Amino acid sequence: MISYPFFSLSPPGLVPPPMAVPPVEMYSGSFWNRMRKPLPLRTQVIRFTVVFVIVSFILAVALQITHERMPDPKVTKPLPDLGFELLTKISFLSVVTDVLIAFLSSLSFFTLWKLYLLHRHCVGSGEPELPCNIPGVSRFFLSVWLCKENCRIELRNVHTIAWIRFITSYALLLLFRSLVIVMTSMPTPVDKCQNPPKIENPVKNVILTVLTAGGGSIHCGDLMYSGHTVILTLHLMFHWIYGAMVHWSFRPVVTVVAIFGYYCIVASRSHYTDDVLVAIYLTIATFIAVGHNADGAPWQLQLFIRWLPCCGANSREVTEDSQPVMVAFKSEAVDELRERDDSAGLSCEVSTNEV
């Protein structure tokens, strides 16, 4: 065998095999600049909402797997829990938790509507009008509410950015929960799951889980961490930041409702105390990490939706919610023409350009 010096690339006349060379632009600054360029806010709203629906189906499948893997309640008893020892068991409070979540969801949509009105007021669009004026009702729903003491955020597109922040945080938390509930199966303390029903139609159960947010489907054993606590805390964070911009009372009201909801979850034995505590921490940390940004979601999250072939454009051809501005150009030549026309009894009209 012929040996070559260590510094020899190849023997004379030997052509090395072709190698796949990645495009230069993949490693260039221009490529990553394009990847970090923010998507239009409208595109983010649509695509992140689609992603949330997909994540909801993933969670529904995970709930079904967890239901089948749950330890037999007749063999494995619930784990010792300090919250269960301190709080008296009140089973019907699980229904109260759902009512509290429905109330906070309605309040959040109302706040989002008021944020949209603030955006319209900021861009000079004015208040919308109903086809028929209803005394009191029209003023309540269509008037602009603003608490200046708590308003430290740019009002333009605030409703869109708030929705993107909420829905991306919720999708991340549900996706992580889908993984966690499948990994470790714990004995359930829930009364209705002590004799868990058999799932006869898995596909129907998955669809019902998505359509009813879990209320109309069969699922047991999804303990770590609490989904009810996630949505309660998300509403709490949403109103702590954005609700306070609309009215000062939203912060204390939502805080009291959320704390009472945590109590209902533990007192009804729907979750262990650790399920609630971990969910509170993860939700607050995720909401803060996503943050409020004029470009919408962090660019790392936008990478996951940039490749979708539908649901909006990837570039901002026109500035969103832009308003036409009239600019008048004045020059000495125009002044001279105006003086000549005035002296001749003619009128000279200064042209304006819309940019």
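Keep in mind that glycine also has a Cβ here, set from the backbone N, Cα and C atoms.
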Shared topological domain relative to the membrane, Leu117 and Ala297, Swiss-Prot: yes
Coarse DSSP state, helix versus strand versus coil, of His228 (active site): helix
Intrachain neighbours beyond the transmembrane segment (45-65), with Cβ under 8 angstroms and 6 or more residues off its ends: 39, 160, 163-164, 167-168, 170-171, 174-175, 177-179, 181-182, 199, 202, 205-207, 209-210, 214, 217, 219, 222, 297, 304-305, 308, 311-312
Coarse DSSP state, helix versus strand versus coil, of His271 (active site): coil
Cβ-Cβ under 8 Å with the transmembrane segment (252-272): same-chain residues at least 6 beyond its ends: 78-79, 81, 83-84, 87-94, 96-97, 100-101, 103-104, 107, 186, 189-191, 223-224, 226, 228-229, 232-233, 235-236, 239-240, 243, 280
Neighbourhood of Asp275 (active site) by C-beta distance under 8 A, where only residues 6 or more apart in the same chain count: Leu223, Met224, Tyr225, Ser226, Thr229
